[in-house]
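Feature annotation from TrEMBL assigns compositional bias 'Low complexity' to 47-68. The region 'Disordered' feature in TrEMBL is assigned to 47-69. Here TrEMBL flags 1-30 as signal peptide. The transmembrane segment annotation in TrEMBL covers 248-270.
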Amino acid sequence: MTAPRLRRRAGVVAAATAALMALWAGPAAADTSTASATAATLTLAGGSTASSGSFSATSDGATSSTSGNAQPALTVLGSQTLITSGVLVQKAVARTDGSSAACAGLVGSGGGISIGSDGSCTVTPGTGGVSIRLVGGATPVDVLADAITSRCTATSAGATTGGATLTNARVSTAVAVALPATPANGTSVSVSGVATLLLNGQTQPSGAGSIRVSALYVTLAGSTARVDVADSVCGLNVATLPVPALPLSGWTVAAGAVVAGWAVLAARFVRRRAGTVLVA
């Protein structure tokens, strides 16, 4: 075998060694993320429950997936008489960069929601509005609004955001009570003798780095009935340590060591015998 040929083979082996080590050392992103959105959950006076179901999103850092109905029909709540008009909307995204976002609520006919690339929630109120019946009879009491929505975001670094928007919302009684459009976290509104409204209720369901936002939670006086409108949950998203793109194993290490050793010996042999013809 000639020296030039041996040099070429040594070069090929060296390149293969470098590629093998790069595959082993190269980090692979694997931050996980999760989010879910539930437009409405009802606890009825008899103790039974009704729900819009949830729209969920998850990511393992490599791929993302979703499940659920993003806009279920109001009839999914059954024969209840609490939410009497509105369109159920619920969306969530979980991205491979470790971020997630959710948006949920009630909007008018033809309305909807969308989640932007930055996790922001855009609401289209639609027409006809939203109506939640608190008291029936000759003098009904209702919560009326153009739209009631919540939103949240979370990252694998532990940062979260959340909020609620009640567009043109009010309690319709003998004297209408206006509700704040962007209530502070945990805003409580009492409708005397009728109900207590909790606006923009926020918790950390999985500890720090997670967030749950409920736009409107209604507790009816003298009843076990409850209304939870626009529930968005983001996190807990997890930042994982970088892992080798090629899993480290005994065979991987052994193969790398053998190839690297052969390359070193071949290179030394070439230098010593340069300019001569060798017998294979």
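The backbone N, Cα and C atoms fix where each Cβ goes, glycine too.
Keep in mind that what you see is a predicted model, and the values were worked out from it rather than measured.
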Tally of residues which DSSP labels helix, strand or coil - the region 'Disordered' (47-69): 0 helix, 12 strand, 11 coil
Contacting positions for the region 'Disordered' (47-69) when only residues 6+ beyond its ends and CB under 8 Å are counted: 29-41, 76-78, 80, 88, 90-96, 98, 100, 102, 104, 224, 240
